[in-house]
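Following: one structure in structure tokens, then a few remarks.
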Amino acid sequence: MANKAPSQMERSITTIIDTFHQYSRKEGHPDTLSKKEFRQMVEAQLATFMKKEKRNEALINDIMEDLDTNQDNQLSFEECMMLMAKLIFACHEKLHENNPRGHGHSHGKGCGK
């Protein structure tokens, strides 16, 4: 039996994991993001979704502090995924924002547009 190609969602999950590791292994522990790595990832990978936040160093620091639940000044993959979940939820809501059908179910242009 031939291997089935990964689905779009499976590829998206793999991309998120790979992107996290692309930044997490730059300095310190290879499986956590330092403040510098987190800022670099937000600026490069979330530039459209977080365009206001990425220009504000203090806001980036506040976001990291909120995500850093064990207060070790690093973000584990799990802690970082809390941000991804919030962004996905906010993006979903934004897609429905101007739709007269609400969640009835058509999507607009997308987040960051």
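Keep in mind that glycine also has a Cβ here, set from the backbone N, Cα and C atoms.
Noted in Swiss-Prot for the protein shown:
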MOD_RES   Ala2  N-acetylalanine
DOMAIN    13-48  domain 'EF-hand 1'
BINDING   His21, Asp31, His92, His96  Zn(2+) binding site
BINDING   Ser24, His29, Thr32, Glu37  Ca(2+) 1 binding site
DOMAIN    55-90  domain 'EF-hand 2'
BINDING   Asp68, Asn70, Asp72, Gln74, Glu79  Ca(2+) 2 binding site
MOD_RES   His107  pros-methylhistidine
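Projection of Swiss-Prot feature records onto the structure.
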residue : record                : Cβ contacts under 8 Å, 6 or more apart
His21   : Zn(2+) binding site   : Pro30, Asp31
Ser24   : Ca(2+) 1 binding site : Pro30, Asp31, Thr32, Leu33, Glu37, Phe77
His29   : Ca(2+) 1 binding site : Gln74
Asn70   : Ca(2+) 2 binding site : Ser76, Glu79
His92   : Zn(2+) binding site   : none
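Secondary structure at Asp72 (Ca(2+) 2 binding site), as computed by DSSP, is coil. Within 10 Å of the C-beta of Glu79 (Ca(2+) 2 binding site) we count 19 further C-beta atoms, all protein chains included. With helix defined as DSSP H, G or I and strand as E or B, the domain 'EF-hand 1' (13-48) counts 23 helix, 2 strand, 11 coil. Under the DSSP three-state reduction, Glu79 (Ca(2+) 2 binding site) is assigned to helix. Apart from Ser24, His29, Thr32, Glu37, the residues listed for Ca(2+) 1, the same chain places the Cβ atoms of Tyr23, Arg25, Lys26, Glu27, Gly28, Pro30, Asp31, Leu33, Ser34, Gln74, Leu75 within 8 Å of the centroid of those Cβ atoms.
In sequence order, Thr32, Leu67, Thr69, Gln71, Asn73, Leu75, Ser76 are the residues of the same chain, not among Asp68, Asn70, Asp72, Gln74, Glu79, whose CB sits within 8 A of the CB centroid for the Ca(2+) 2 site. Classification of His96 (Zn(2+) binding site) by DSSP places it within a helix.
The most densely surrounded of the binding-site residues Asp31, Asp68, Asp72, judged by C-beta neighbours within 10 angstroms, is Asp68.
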